[in-house]
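Feature annotations, courtesy of Swiss-Prot:
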| type | residues | note |
| --- | --- | --- |
| TOPO_DOM | 22-34 | topological domain 'Cytoplasmic' |
| TOPO_DOM | 59-66 | topological domain 'Lumenal' |
| TOPO_DOM | 89-98 | topological domain 'Cytoplasmic' |
| TOPO_DOM | 125-129 | topological domain 'Lumenal' |
| TOPO_DOM | 156-164 | topological domain 'Cytoplasmic' |
| TOPO_DOM | 188-194 | topological domain 'Lumenal' |
| TOPO_DOM | 217-224 | topological domain 'Cytoplasmic' |
| TRANSMEM | 1-21 | transmembrane segment |
| TRANSMEM | 35-58 | transmembrane segment |
| TRANSMEM | 67-88 | transmembrane segment |
| TRANSMEM | 99-124 | transmembrane segment |
| TRANSMEM | 130-155 | transmembrane segment |
| TRANSMEM | 165-187 | transmembrane segment |
| TRANSMEM | 195-216 | transmembrane segment |
Amino acid sequence: MTLFHFGNCFALAYFPYFITYKCSGLSEYNAFWKCVQAGVTYLFVQLCKMLFLATFFPTWEGGIYDFIGEFMKASVDVADLIGLNLVMSRNAGKGEYKIMVAALGWATAELIMSRCIPLWVGARGIEFDWKYIQMSIDSNISLVHYIVASAQVWMITRYDLYHTYRPAVLLLMFLSVYKAFVMETFVHLCSLGSWTALLARALVTGLLALSTLALYVAVVNVHS
């Protein structure tokens, strides 16, 4: 039962990444090592973020929820956008190729670093626990989030982006950066359960994805 549970969690977490890699056409461009380079950039950015947070923001321990402090901590996630832009700027090719390489490499590195060990240790335990299923589903939400963020960074860095689209792209980028902070605050204030919080995050990410897709299509069509 424990091995079967681990297999289910592993498949739910990792197979969507493999399917995305195969179906997006990246395998035809031999982009595997480009994705690995994106993953290495992710590790460097996360190290810088950890050092910055540990230096300037003390850990919140109980008591009143520190909204200002948590907001400032969430602002550090801007570094992810800078890292994604760095990855895309080092890759030549079409926009969708750059977006998928950066997003898939970034999300895969996060998956390996933050969820691989918990799944291996926890999902193989004696007792069944839904939190590992939730963790696997959350990894798929993260993949969508990074694809959305990469598309937003690609659009905002276009030198020929129409000025009428720039405010909309900046707004979506702001929402992407502070989405985790807003969701965490909402869950804290409303005392939501784990499944409800996961559903809320999926809905918010889906809305951002649809909005970004509509804007991306508009930008591409204008410049085609």
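The backbone N, Cα and C atoms fix where each Cβ goes, glycine too.
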Margin query: If I count Cβ-Cβ pairs under 8 A between the transmembrane segment (1-21) and each of 35-58, 67-88, 99-124, 165-187, which range comes out on top?
Written below: 99-124
Check: Where does the mean pLDDT land for the topological domain 'Lumenal' (188-194)?
Finding: 83
Notebook entry, point to check: Which listed range (67-88, 99-124, 165-187, 195-216) shows the maximal number of Cβ pairs under 8 Å with respect to the transmembrane segment (35-58)?
Noted result: 99-124
